[in-house]
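See structure below.
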Amino acid sequence: MTKTYHIAVLPGDGIGPEVMAQASKVLDAVRQRFGLKISTSVYDVGGAAIDRHGSPLPAATVAGCEQADAILFGSVGGPKWEHLPPAEQPERGALLPLRKHFKLFSNLRPARLYQGLEDFCPLRSDIAARGFDILCVRELTGGIYFGQPKGREGQGMHERAFDTEVYHRFEIERIARIAFESARKRRSKVTSIDKANVLQSSILWREVVNGIAADYPDVALSHMYIDNATMQLIKDPSQFDVLLCSNLFGDILSDECAMITGSMGMLPSASLNEQGFGLYEPAGGSAPDIAGKNIANPIAQILSLILLLRFSLGKDDAADAIERAINQALEQGYRTADLAGDGHAIGTHEMGDIIAKFVVEGV
């Protein structure tokens, strides 16, 4: 019997509902083509939930997500809610509690320069011509952002502030396995980022990663200091496949990877727990300035659906079909405004229609 999967859909604010509608079209297309049984339920989140329910993350939304196999998340936030206390604003009041509630410890951020989009890459033309396809695997719940003690004390010239970088062996082991398993599905290369020439936490990080690597003899492992990695990403990003990073280093490198692709509209992300449950979302923001204008790029949301199909549902064939459809659309010159330059731009809805059509046709 074919298993039925259930996705909790949280469109959110700004361009979220528009781009989510395009991902839903593409999901309908893979259902049709592959006979998948995937149901969806839509829930309020972020500013939209504040307006309707008085909370950025209503209990009904959390309950709906608990009943799902994965969460497809849009985007939250906007000027309308910036007057609220920080903990009640859409970003802090919705996304962070969801990550904590579902124990999402790993963040996966693909960054790829698609053929035909080299002119949007800020790197030198000969570097961009080589292309790149990088997956940044970032540990989300440990490290200096959460380590104790942290705080400020003293006064005057003796005032000081302090944070503590703490990593446990189990935290490093589980994120390392995510990186190695991901590399097996890609080009079988992991570059682990640390500062083991200075930091005790990085020395442990490197030791543990080396130990995990023994279980993956088919995956090549190398180590790189964070300062060198930031330089190498600019010098030759094509050398990288999977980047394995701590929380702080992953925060830095994932944004650098995003920048060199040339468009936030092409960047998905996934946050996973140990059971494979995940929250999938575009890496960009809610872009309230272009909401409702049919000009937002929906590809990041559709790429987030691809990650969901791969990592939470195990439907690689459906994910591959969507990926081919996106490639076909771009190769045929279809562009939303962020990618069109001086050329012809199509709208958000049109891009969704074209990609869904190519999925059904089996390009």
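Placement of Cβ uses the backbone N, Cα and C atoms for every residue, glycine included.
Annotated features, as they stand in Swiss-Prot:
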type    : residues              : note
BINDING : 78-91, 285-297        : NAD(+) binding site
BINDING : R99, R109, R138, D227 : substrate binding site
SITE    : Y145                  : site 'Important for catalysis'
SITE    : K195                  : site 'Important for catalysis'
BINDING : D227, D251, D255      : Mg(2+) binding site
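If you take the C-beta of P86 (NAD(+) binding site) and look for same-chain residues 6 or more apart in sequence within under 8 angstroms, you find R92. For R138 (substrate binding site), the same-chain residues that are 6 or more apart in sequence and have a Cβ closer than 8 Å to its Cβ are S106, N107, L108, R109, I175, C245, S246, N247, F249, G250, D251, L253, S254. Within 8 Å of the centroid of the Cβ atoms of D227, D251, D255, where the record puts Mg(2+), the same chain has further Cβ atoms from I226, T230, L248, F249, G250, I252, L253, S254, E256.
Taking only the Cα positions, the spacing between I295 (NAD(+) binding site) and K195 (site 'Important for catalysis') is 42 angstrom. For E82 (NAD(+) binding site), the nearest neighbour among the listed recorded positions (R99, Y145, K195, D227, D255), judged by C-alpha distance, is R99. Each of the binding-site residues E82, D227, D251, D255 was assessed for Cβ neighbours inside 10 Å, and the highest tally belongs to D251. Proximity to K195 (site 'Important for catalysis'), judged by a C-alpha distance within 10 Å, picks out D227 from the binding-site residues G78, R99, D227, D255, A287, A291.
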